[in-house]
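According to TrEMBL:
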type     : residues : note
DOMAIN   : 97-490   : domain 'Cation/H+ exchanger transmembrane'
DOMAIN   : 586-650  : domain 'Sodium/hydrogen exchanger regulatory region'
SIGNAL   : 1-41     : signal peptide
TRANSMEM : 93-110   : transmembrane segment
TRANSMEM : 117-137  : transmembrane segment
TRANSMEM : 149-165  : transmembrane segment
TRANSMEM : 177-199  : transmembrane segment
TRANSMEM : 211-234  : transmembrane segment
TRANSMEM : 241-265  : transmembrane segment
TRANSMEM : 280-303  : transmembrane segment
TRANSMEM : 399-425  : transmembrane segment
TRANSMEM : 437-457  : transmembrane segment
TRANSMEM : 469-494  : transmembrane segment
Amino acid sequence: EHLRWSGGVPWMRRCSPLGSARRLPRFGFLLMLLLLPGSSARRDLSGPNDTWRTAAGSALEEPHHRTNGSATHKKAFPVLDFNYEHVRIPFEISLWILLALFMKLGFHIIPRVSHVVPESCLLIFVGLLVGGIIKAMHDKAPILDTKLFFLYLLPPIILDAGYFLPIRLFTENLGTILVFAVVGTLWNAFFIGGMMFAICQIEVAHLGGVSLLSCLLFGSIVSAVDPVAVLAVFEEIHINELLYILVFGESLLNDAVTVVLYHLFEEFSHAGSVTMGDAFLGVLSFLVVSLGGILAGVVYGIVGAFTSRFTSHSRVIEPLFVFLYSYMAYLSAEVFHLSGIMSLIACGVVMRPYVEANISHKSYTTIKYFLKMWSSVSETLIFIFLGVSTVEGPHNWNWLFVVFTLVLCLVSRVLGVVGLTFIINKFRIVKLTKKDQFIVAYGGLRGAIAFSLGFLLPDDETKHMFLTAIITVIFFTVFVQGMTIRPLVELLAVKRKKESRRSINEEIHTQFLDHLLTGIEDICGHYGHHHWKDKLTRFNENYVKKWLISGERSAEPQLISFYNKLEMKQAMMLVESNSSARLPTFASAASLQNVQPKEAAPRRAIPSISKTREEEIRKILRANLQKTRQRLRSYSRHDLFMDPFEDNMRLLPIFLSWCFSQMSHYLTVPAKRQETPSVRKVWFEPGQ
């Protein structure tokens, strides 16, 4: 009866006559499921936050109450409702990002503050204020969670640094960077860990329960230079390229050492004993973590470059491939506990040259500015969260442990840089001076990576003491060293970065010197840096570019490609600056009438070379310089004999000196022409 009547009107009368018999059983069965108490359909539709449930339920029960004669009133439909829990997480994330953007905007609006205080210091101070306000309201402040940091905040910063890494400067100083990153980090970890264990044995410290492996684990956490802190400080002071790439490259490559040492000492602390086999497995793990991370990045970089070959018909999705392949490289490395930072760097370095040759200029601009924006926001959030997490705690302050941690970090950094530089300078052509060593040692900043690794430790009083010491070291390096490094650079007159645009002339001379040094190494039989670089370049030109670059650009020479990029960049700069006056325009007839003709500048008179002398030079060139090096026999101390071609080649230096003297003679206007019979005698007398 309830299914057939609604408000006293028969159900069959309210339905349309067409098809009512077919809809009635199905719709009636659905209503029965909704109205039955405890039915599953009703439980699914109901929820704690469903605002329409009460009104819908009263509407369904209205006919039943009317049949029983009750005088209940129908509940009004809610016009406005408030449900903050439904949007709490994305709303608070948006507020944090908005706060970070306002802090960044205010920092650059006030130039006096930006010249004295680094941006990272200001952001940490803002985080301290926000954390204090939240704690005063007796609410739980959000902390810098390890998962949030390593999976969402750190990858954009590393991708931006790896994608736009100055690869030439990085490869030329790769040996020095590896020594600082690997040997220097190992030295810092074991020195700090061993000395802190000795400090813990002092009775005054009351830290006898801290084991040696726990101290070594703490040393591995606090020893690594942080790339986020280095980027935040060094980009503001505009230090020269050499010092920047040394410190920043060390902060990137020491990730593998930090990860291996952290997991190694963590496992040893649980096991309680260390054997020689464990030490060997630790060394093997370092090679697997570092090389495995690089391999993962290279694979994803090649796949991303190959995918960009086929995006010419859908330019909109080109930037997404770059972001997704890079992020997948990082996540794939983290799955196997490899170095995600090295994977991201390798992916960006491998992908960039081929992707930029395939994608459009608009896609390149999108990638560039989106990476800069994304990394800037992530960096801002990291420092704000670091300040908030400091206020939230908990802390376990031990004066002796904290003070000695800070002192040992500074001492180990100075001793490591000075000792390693003494060895490195024996093999470097451009030596690192005392000023350079001071900046490298003083620029070893710690940051959020150390805090996040310390946050992963088991929750006990030792972890709280370690976190307190780590936060103290971070604050000292960021505030004290970060604020004083700019005045020290100015006081020591350290060379700054020159803001100069690359020109086609510079590129030509750079390639010329590369070929010249490669030829010198080839002649000397020394397989050095330029030799292997030339081999890699030839392999790239002959094989790799044909597969990863589409169209005619795969066969385009490097110089022509650089020229096209330079022309496009200059054109875009003119368009963005609205400099229409600089663009070439046709002069009107009226303006041409008012232009007075200017006298042509006097040109230098260059005498012409006679035909006889020209043929003479051509004959000498054909006889001596058209014979290739392949005709020369390779050197062997067991087979020494005279080659007639080598006998003729002994005259080549004399010929070159004569050519240069003749060219300088004809390119000038001498007062009196001088003959050179001695040189002619050398070349044209057969018995000479």
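Glycine is no exception: its Cβ is also placed from the backbone N, Cα and C atoms.
Keep in mind the model is a prediction, meaning the values are calculated, not measured.
In this chain, the transmembrane segment (149-165) lies out of contact with the transmembrane segment (469-494); the count of Cβ pairs under 8 Å, excluding pairs fewer than 6 apart in sequence, is fewer than 3. Contact check: the transmembrane segment (149-165) against the transmembrane segment (280-303) gives fewer than three Cβ pairs closer than 8 Å, residues 6 or more apart, which falls short of the contact criterion. Below 8 A, the CB atoms of the transmembrane segment (177-199) and the transmembrane segment (399-425) form 3+ pairs separated by six or more positions in the chain. Contact between the transmembrane segment (211-234) and the transmembrane segment (280-303) is not supported, since fewer than 3 Cβ pairs fall under 8 Å when only residues 6 or more apart in sequence are counted.
Spatially, the transmembrane segment (437-457) is not adjacent to the transmembrane segment (117-137); fewer than three Cβ-Cβ distances between them are under 8 Å for residues at least 6 apart in sequence.
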